[in-house]
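Per TrEMBL, the features are as follows:
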{"type": "ACT_SITE", "residues": "A:C160", "note": "active site"}
{"type": "BINDING", "residues": "A:S25, A:G26, A:F27, A:T28, A:N322", "note": "NADP(+) binding site"}
{"type": "DOMAIN", "residues": "A:18-152", "note": "domain 'Semialdehyde dehydrogenase NAD-binding'"}
4 protein chains.
Amino acid sequence: MATGATPETGAGTADTVSASVVGASGFTGGELLRLLAGHPRFAVAQATSREYANRTVGSVHPNLRHLDVRFVSPDEIEPVDVLFAAMPHGASMERIEEFRDLAGTVVDLSADFRLDDATKYDEWYDGHTAPEHLDDAVYALPERHRDELPGADIVASGGCNATATILGLGPLADADLLDGADVVVDVKVGSSEGGAGGGEAGSHPERSGVVRPYAPTGHRHEAEIEQELGLSVSFTAHAVDMVRGASATAHVFPEDLPTKGDLWTAFRGAYEDEPFVRLVAGGGGVYRYPEPKAVAATNHAEVGFELDERNDRLVVFSAIDNMMKGSAGQAVHAANVALGFEETAGLDFQGLHPVGAP
Amino acid sequence: MATGATPETGAGTADTVSASVVGASGFTGGELLRLLAGHPRFAVAQATSREYANRTVGSVHPNLRHLDVRFVSPDEIEPVDVLFAAMPHGASMERIEEFRDLAGTVVDLSADFRLDDATKYDEWYDGHTAPEHLDDAVYALPERHRDELPGADIVASGGCNATATILGLGPLADADLLDGADVVVDVKVGSSEGGAGGGEAGSHPERSGVVRPYAPTGHRHEAEIEQELGLSVSFTAHAVDMVRGASATAHVFPEDLPTKGDLWTAFRGAYEDEPFVRLVAGGGGVYRYPEPKAVAATNHAEVGFELDERNDRLVVFSAIDNMMKGSAGQAVHAANVALGFEETAGLDFQGLHPVGAP
Amino acid sequence: MATGATPETGAGTADTVSASVVGASGFTGGELLRLLAGHPRFAVAQATSREYANRTVGSVHPNLRHLDVRFVSPDEIEPVDVLFAAMPHGASMERIEEFRDLAGTVVDLSADFRLDDATKYDEWYDGHTAPEHLDDAVYALPERHRDELPGADIVASGGCNATATILGLGPLADADLLDGADVVVDVKVGSSEGGAGGGEAGSHPERSGVVRPYAPTGHRHEAEIEQELGLSVSFTAHAVDMVRGASATAHVFPEDLPTKGDLWTAFRGAYEDEPFVRLVAGGGGVYRYPEPKAVAATNHAEVGFELDERNDRLVVFSAIDNMMKGSAGQAVHAANVALGFEETAGLDFQGLHPVGAP
Amino acid sequence: MATGATPETGAGTADTVSASVVGASGFTGGELLRLLAGHPRFAVAQATSREYANRTVGSVHPNLRHLDVRFVSPDEIEPVDVLFAAMPHGASMERIEEFRDLAGTVVDLSADFRLDDATKYDEWYDGHTAPEHLDDAVYALPERHRDELPGADIVASGGCNATATILGLGPLADADLLDGADVVVDVKVGSSEGGAGGGEAGSHPERSGVVRPYAPTGHRHEAEIEQELGLSVSFTAHAVDMVRGASATAHVFPEDLPTKGDLWTAFRGAYEDEPFVRLVAGGGGVYRYPEPKAVAATNHAEVGFELDERNDRLVVFSAIDNMMKGSAGQAVHAANVALGFEETAGLDFQGLHPVGAP
């Protein structure tokens, strides 16, 4: 077993398995490092970065200055129990053979292994170069694939906007409440979604204070949503002024408007035992509906709804931290399930109040 | 003619008419003061505030520290040519008789005189106490009521969210492109909409960085929209982290999807001669669609669209500064038309680049 | 022993002691609840709030929606092992007798027991009503009072701005490097410092985007700083646009400018074994000096410096999360020391990257 | 006379002079275009950009979408009355001969012609390549150089941080109140100072919510300040979360602390007739001291002070919009003076209330 882990990161006990992060200088790679370093069952073995090789991870991720781990070149990656790949779309599938040889479990955070069907990938992204591995991949969301994750070879962590949407609409789709419905999903996301190299549009002067329709139509996450929900949604994404967070508002015009009772039955049935989903609908106080702020820095999702009887419309709200439930947290949660760990291990942070634009 | 205006505000020439602002310590009242003080045809006569009577307007509105104008008690208001009322809903109609006696033209920024039909007001707000004045009121948006404004007794400035929506969808409704369509309007607004006294939910720690569904269904502006467009829309408003600005994204499922050509014809026909509406759809650069930042501090609206043929959906974007085109700027624009002034008088500020969260 | 704690908060094992929070609906009270609920050695007994009695703590603190704890009236408070008081200045001293009767250890987060000398309190605040308890209180910062904390009856958690300043300048004062120096401390703080009820100045429209000199001179924290450092500093605080965080920049004109070596010796000697202080000075990357963002949501402080030989000046930077190291985190850290727990227990969150305006 | 100006920009009347902007795609270039297009005495002739040649200025500066002006290559620049150069430091001096041949007046916004003494430039920047032109340049601030500006060949617009500092301390230096004083200037600036290409440190996720010591010591503006004030200051700059704005807090330890009366005499004497400087010190309300928000989008500066008798310290606050009074607005103001126009021409915008993080 390859470790290389430092004492700080708790390697070498009988209870831990080793984990490496490929692409660890990016935002999601850094978030994975943070979660794995604080995880009772994982020991960080290697963190790769070509650009920052030999520098400490804290030189890029200032919150990890305490960690005594240095980046290694991706060419020097060694065998490990679990390999987390946090690379751009297209890059993971190029190296999937190598990754599977190196590790018993590959957790991929790109879009490369999310779609079951290579032709769908070709349609929404570029041509898939490793379609023969798609059958070995499980979509990571435990709320929908808990039974398929144990022992999975490849775990494909979902897209952040797709995750928010699927968590909001999944129970309704499963309860056949969306059959024949027109569904609009209007998403608001933070700037971390774009990664560290945002270019001019992502520079602070241009990106501050925006309400910017950055994906008015044709967002690639529609493909995942359709696969997971079995229905097509009309998706639009807006960039707003926060760094972390994704909020999905689904406007649904069903053939028959369900009752509040139907909705509570569907949502409670789906989520009452879920450790990371909270139902939030109405009540008093400042925070009456799902909000990204309420789940910032956590792996929680909030889901809620409201009926608009005047317009025969159902509105479903969901909110996540795109870096956590929408990416690295989801990946660790799924890895916990895949490896038989306690589901919430390493993911117990309870969020903040108050908190600004996380 | 009551003036009381100071030399700084240009009173007393043959070319100016006097204007007073009732409720001048609030955000929209302050914006009116700014616009009127810089307007070539208006001379500020009085600015009322019960709480701040005898203090300078600059003590509340720091941008107006240069203005040598002091608040007077609303009990001391004098006859004037044009009276701008910037009061809460319900308060204007209580004093409308008095206001009409004082001034030849009353420009009201509350919701009290926007709806033609008192029963609609009763349905969406509380009971109307001055319904006999509704027939004398014209909805302020010059883009839709230019011909009715000259000589109007009461000018009713529209709601900010309604204004954004009406400007986006109006040309399509007029061209019968929305007949039978399901229409969702998902609005994102800044904190100035709530005024200066936001309470706990509006405090900086709670309001910063939010994506908060503050009006999931049943927003009162639906009534104005329905009146102006002749169709019902499903409206949801989210608070986001900016102070000024409103962005409306309309998701339309028409019976027959129009072509791009149809859309350009409708929008160009409606807006190519409008001084305050810009069509923004696609193109390169950072700002490809309407954004509140691009019109911040101006009286401009931006309108644009995108077709989603995969989902038989039309997406229409519109963006305004809620304090300007959505309130005080619209009021001054309408007053210009009502009084026969040049339409753009006092409203020629060109906005800023870059600008943060205005 | 009073418990009332729910299973979620881990009460009742031999290893835990009970803890109650008085004033739990405020920001610091909520932060204490979060930390105590996730702490391996504390079991939350009671959380008081007169206004929200019988409501869940999650109805006020949305991050704690998972917690099955309800507020009780402060009149119903019961005996407990440790009582954390998160009340306004002046309120704690009124009830200190009662608190000491109820609990073996009182941890107070107000300013009431920070100053050794009642006349100093009278000078900077109002008249002290319980001066006879001052001798039983220990200033909470473990970095300066670790040896006095075990067994302390009253632990007085420091002010956020004072904490940042003391951590930055303490090692230099101890090394006699500040003797006779003129010292300016220019602090920038987030809006959470003002609590939930910020009034008009704290409303989002007025507080967003500010650089506001809210305490140009005479800030009360000067008293604590003088007590802890043995020297007087010239203090100015600015409100800036973040919710959490305090950054102190000390500009020091010493009689003799120390060398870099002197400074490293002083800082390393003071902090190399401290679990919650990081030295950050120079190096490459984006985060070269202490920044509140780098420690947001954690109990860490960052301290760094730069020499300005051209002006015979030493610049010392320090940054904390005002809600954590500057308040609730410091309180829990000190309680850990006072009770003989592991110092870092319950305080191991590693912060976030990226993060917005936390 | 070279015009090329469009009807929208008002060329060709007897009252206007032609003006071109070199480097018009940058932030300050865009701000100049906005001001000149709205100026009663200037007609925009050309706006150069190598990267965006032939595209409309609105494709880069969305607030200028209304303007019918296209960028031209800097190689195609033609003779003009006034040439505004908005280029990086070092680039202006390379082309100064050419610029002076093209235009009777060159207004330069870089640092190249701010310092009288080439050896100072060499010390703080790189080697000066056109020192023979320094004698023909006048530092732009009309508050200090009004008499030298008329007819100046080169007008050198000041640095934003230097401008804020000089306006705050200038009257005190002139009144000999700073003789022998230790002076610290702690500046907080917005992200527009860094221009559009901020790199990773300037990306929204990394730059949001910061309090970042980006120039702890040795900021180049110290040179300008020393030249203009005749004294040396200890300067430190922090990046904070706004786009526009600079706030300077000067902490002064004078040999003898002046009285409030001395200070008012000095400031009123200097500024009571200045059209763009406001004295703001104390009083009630939310905005008691100078704040960037209060002057955002305007050419105004606010200056105020407070005495700290406990520490024998004087604190002076000043605030500007770095893009306006700190750059393009100062340049236009100085050009107005240089050309004999009304000083406030084109600069009469009164700012906004409320406004977010401008």
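Using N, Cα and C of the backbone, Cβ positions are placed for all residues, glycine too.
In the domain 'Semialdehyde dehydrogenase NAD-binding' (A:18-152), the DSSP tally of helix, strand and coil residues is 48 helix, 31 strand, 56 coil. If you measure from the Cα atom of A:C160 (active site) to that of A:S25 (NADP(+) binding site), you get 19 Å.
This prediction places the mean pLDDT of the domain 'Semialdehyde dehydrogenase NAD-binding' (A:18-152) at 97.
Here the binding-site residues are A:S25, A:T28, A:N322, and the one with the most other Cβ atoms within 10 Å of its Cβ is A:N322. Using a 10 Å Cβ-Cβ cutoff, the residue listed as 'active site' registers 28 neighbours. Most buried of the binding-site residues A:G26, A:F27, judged by other Cβ atoms within 10 Å, is A:F27.
Proximity to chain D (Cβ-Cβ under 8 A) holds for A:F27 out of the recorded positions A:S25, A:F27, A:C160.
The subset of recorded positions A:S25, A:G26, A:F27, A:T28, A:C160, A:N322 lying near chain C, with Cβ atoms under 8 Å apart, consists of A:F27. Under DSSP, A:N322 (NADP(+) binding site) is assigned to coil, being neither helix nor strand in the three-state scheme. Across the residues annotated as binding NADP(+) (A:S25, A:G26, A:F27, A:T28, A:N322), the widest Cα-Cα separation comes to 17 Å. In the three-state DSSP scheme, A:C160 (active site) falls into the helix class.
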